[in-house]
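Student: Quick one: this structure, given as structure tokens, is what I'll be asking you about.
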Ligand code: MTE
């Protein structure tokens with residue numbers, strides 16, 4: 001996160017995707033399937049983003065139906081980039097720490113407690129959560145507050161599906177996500193970078209918006225540990241840090257919850273944290289972004305779009321001063 005950004009703003013370069021011959025061959029047969037119409041548009045993007053690479057790496061598949069309502073035409077980020085350049089501070093603060101340190105995270109058994117202002121509080125194990133609603137593949141852009149972005153084929157369902165099951169009371173105005181903080185498994189907890197556990201939150205109407213995805217997988221397979229296994233949020237219209245990884249508790253509240261980055265630096269990270277090119281971070285502009293995988297010394301940055309291009313959500317904030325509520 002920003003506290004560790006190098007003074008010149010340039011992150012370490014990372015290696016390009018390796019495509020061995022066998023993967024190349026499987027891509028060719030996949031392209032033939034596309035030609036005969038055997039796979040959908042989402043899968044086409046998966047292919048270009050290295051799904052075959054992921055499958056070859058022995059990952060566990062997760063079936064999902066591509067949802068054509070949630071597709072972006074930008075080229076998907078390679079699987080390798082998406083899983084080796086991560087922010088997951090519980091495993092360390094360098095971009096390569098999560099892939100190096102999260103390998104042994106125990107993601108089964110795993111439960112998520114749902115409590116607070118709900119008529120039906122419950123604790124669900126990961127298998128019940130996986131079965132709660134049909135799995136969809138959705139290709140979302142994710143924009144990190146640090147100024148980079150990725151395009152990822154996520155798998156999951158709208159958080160609203162889960163919310164409906166627990167029946168929030170009339171007092172539920174906010175949702176809080178608490179993530180795992182286990183000293184035995186997470187070496188990053190030794191560093192007092194954030195107040196642990198990592199906590200994030202949404203207003204109830206934001207949480208109910210269909211874009212808010214409860215995610216269990218990416219690129220046709222279950223989430224790799226460094227990406228937030230076994231269950232995380234993906235909120236594409238907000239800066240990446242709002243998308244909490246490895247969730248263990250979801251609590252419904254009357255009052256706005258405190259959130260990890262806001263506690264650490266309130267002036268820099270607001271509760272809403274909607275992607276907004278017009279509101280600079282106190283230490284840098286948010287007007288442009290670097291798409292991971294497009295790096296090159298002369299590569300032009302992309303313009304950052306209001307709400308990261310997800311204008312559907314604008315009505316959630318009508319009448320609000322988004323400079324004040326950043
Ligand atoms: N969730 C937890 N539990 N811990 C974290 O450090 N980092 C956040 C978010 N969720 C983080 C987290 C940040 S800063 C970003 S940008 C995204 O996860 C990164 O997700 P990705 O690594 O899958 O791209």
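Just so it is clear, glycine is given a Cβ too, placed from its N, Cα and C backbone atoms.
For reference, TrEMBL lists these features for the protein:
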BINDING   86, 89, 90, 144, 179, 232, 243, 244, 245  Mo-molybdopterin binding site
DOMAIN    106-261  domain 'Oxidoreductase molybdopterin-binding'
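Show me how these features fit into the structure around them.
Tutor: A sphere of 10 angstroms centred on the C-beta of residue 245 (Mo-molybdopterin binding site) encloses 28 other C-beta atoms.
For the domain 'Oxidoreductase molybdopterin-binding' (106-261), the model's pLDDT averages out at 98.
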